[in-house]
2 protein chains.
Amino acid sequence: MAHKRGGKKPVFDILYKIPGKLAMKELGKYFKYEDGDIWFVETDRNNMKLEYRAKELISSVKSPFQQIDIVDLYDFGKCLVLDGAIQSTVLDGHIYNEMISHIPIVTHDNPQDVLIIGGGDCGVANEVLKYEEVKKVDFVEIDELVVKECVEHIPEIAGTTSQDNRVNFIFTDGVKFVEDKKNLYDVILVDSSDPVGPAVQLFSREFYQNAKNCLKEDGIMVCQSQSPLFNKDILRNTHKILNELYPIVRTYYAIVPSYPGGIWSFTLASLKNDPLEVDVMKLKTNTKYINEGVFQSCFKLPNMFKYVLE
Amino acid sequence: MAHKRGGKKPVFDILYKIPGKLAMKELGKYFKYEDGDIWFVETDRNNMKLEYRAKELISSVKSPFQQIDIVDLYDFGKCLVLDGAIQSTVLDGHIYNEMISHIPIVTHDNPQDVLIIGGGDCGVANEVLKYEEVKKVDFVEIDELVVKECVEHIPEIAGTTSQDNRVNFIFTDGVKFVEDKKNLYDVILVDSSDPVGPAVQLFSREFYQNAKNCLKEDGIMVCQSQSPLFNKDILRNTHKILNELYPIVRTYYAIVPSYPGGIWSFTLASLKNDPLEVDVMKLKTNTKYINEGVFQSCFKLPNMFKYVLE
């Protein structure tokens, strides 16, 4: 499904000439041709319009769940775009992926069995697999095509996940997957997309309760809890639900330049160990963002984000 | 110069009907009317186009130096826009202002005499004035009209700076101001705009040398050193020059959602005290972003930013 853009010709003209490839109708919604370039147009925000100049629209496919585009942007490099929203980029995808995975893995005494829900770009799995203690990763993603596209087109993010025999791919709905399981996992990572459409359930009390049941007695769960600037209610609500379910709940943050507002929150819920008290020397050093200093400082929330949780 | 937008009428029509107020020609460059609203259009990036839905274009004036617009955006609140680039917003202006000011003031043993270069929105001065030890602030800004506009229209950022008798406003070129002064200041804060046009000199070795001469023997200077993602050369070069001039140089970072990439760097250069070793209990608590945890953790750079400095 790859489409290489050449020279300065209008992309619509080119596309029309490639039977079976991208049609103008498909391209029309999130991409346009302007100033001699392809532009990716974000359409999901109310009060901002963002357009990114693209080097190339690498792939564009439709799964039963969503529109999946892989585009190479000048400022952010190759990106996974789902239904018109940027999910991960080569420039900064590793920040999100490192922050959601290394912190719970290092916090757990012996993280052998890991469950990842979502995260079809394979970036989170790729970080988890850096730890030899991890014996098995159940990787539950609803959309198999997202995984295929990312493995093929964005190896910078997907890494070697698809070749690692510790990974057990399960293409199903994560919400259903956790409904009937008990006492199976040391660490659960919920790498959900935004709480719209099918992902809404991944932010519900019922899901969090079921996920807790899947954990062993010293288990740890981490979820992305949205922007502390623009989604305060979701962060507050996630924190509140987890506080009712777990003895230890810690919200931390990272910079994710390609996300709205540039700051993102994660909330860790733990049945035994506190990330503020662990030995950060266990942290892997083959990372691009996280290090011991970042691990310790990401829990030190600025006042404006503390207020959201109060 | 205020212009209130009413109802759903095209703003251009309204503007034409207000003699002496904004003319379409002035509005044309950075603002447009679309979807029944005013939109602010950023035009200074090569690979991104950003448009922000505005509640109101509050003021629009031209000084001898630049176009000055005050606009109220839905996502960021009231903003100062110079020549089409957002300088500070009510949503996040305090982050930048607190981070560039509290850290050097707290690091210095007795910060009585402070020089601020740039920072016409008065936000940095407003933070500095929170410290009673500060006896005098020489506030050197090239464009008097920026100060007037911000004091009048954005008191949320400007605060009470203009009424504080410790402040000595000097409307002149900061580069020239530091050329012939010696041994005057405890702390110098360089709140420059981006290194294009007149602000280029504020990033030069000659300017940094002259600024150092203005410091007393235990003085501290801080400058904004641009985005560690998109302006790596400037950050690296600033750090290099300051390392040649000062025994202690520390780069730190903060999240500034309205700036490109959402992350911003500052570089502190000190002749005596090290911010990593000071008593952060001196930090004022009437802040929205900085606190003791943020003070200590902002120096713990993520790997990708450390690499920029190596």
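Here, residue 1 is simply the first one shown, and the rest follow in order.
Each residue, glycine too, has its Cβ placed from N, Cα and C.
Per TrEMBL, the feature active site, proton acceptor maps to B:D191. Taken residue by residue with DSSP, B:D191 (active site, proton acceptor) is part of a strand.
What TrEMBL lists as S-methyl-5'-thioadenosine binding site is B:Q66, B:E141, B:D173, B:G174, B:P198. Under a cutoff of 8 A between CB atoms, and with a sequence separation of 6+ in the same chain, the neighbours of B:Q66 (S-methyl-5'-thioadenosine binding site) are B:L82, B:D83, B:D143, B:V146. Mapped onto three states, the DSSP output places B:Q66 (S-methyl-5'-thioadenosine binding site) in coil.
Taken from TrEMBL, the feature spermidine binding site applies to B:D121, B:D191, B:S192, B:S193, B:D194. Its Cβ placed at the centre, B:D191 (active site, proton acceptor) has 26 other Cβ atoms within 10 Å.
What TrEMBL lists as domain 'PABS' is B:37-271.
Candidates B:D121, B:S193, B:D194 (binding-site residues) were compared with B:G174 (S-methyl-5'-thioadenosine binding site); none lies inside 10 Å Cα-Cα. Each of the binding-site residues B:D121, B:E141, B:D173, B:D194 was scored by other CB atoms within 10 A of its CB, and the lowest score goes to B:D173. Listed in sequence order, the residues of the same chain lying 6 or more apart from B:S193 (spermidine binding site) and placing their CB within less than 8 Å of its CB are B:L82, B:A85, B:Q87, B:G118, B:A199.
Across the fold, the C-alpha of B:E141 (S-methyl-5'-thioadenosine binding site) and the C-alpha of B:D194 (spermidine binding site) stand 15 Å from each other.
All protein chains included, B:S192 (spermidine binding site) registers 21 other Cβ atoms within 10 Å of its own Cβ. Apart from B:D121, B:D191, B:S192, B:S193, B:D194, the residues listed for spermidine, the same chain places the Cβ atoms of B:Q87, B:G118, B:G119, B:G120, B:A199, B:Q224 within 8 Å of the centroid of those Cβ atoms. Mean pLDDT of the predicted structure over the domain 'PABS' (B:37-271): 93.
Separation of the C-alpha atoms of B:D121 (spermidine binding site) and B:D191 (active site, proton acceptor): 10 Å, rounded to the nearest whole number.
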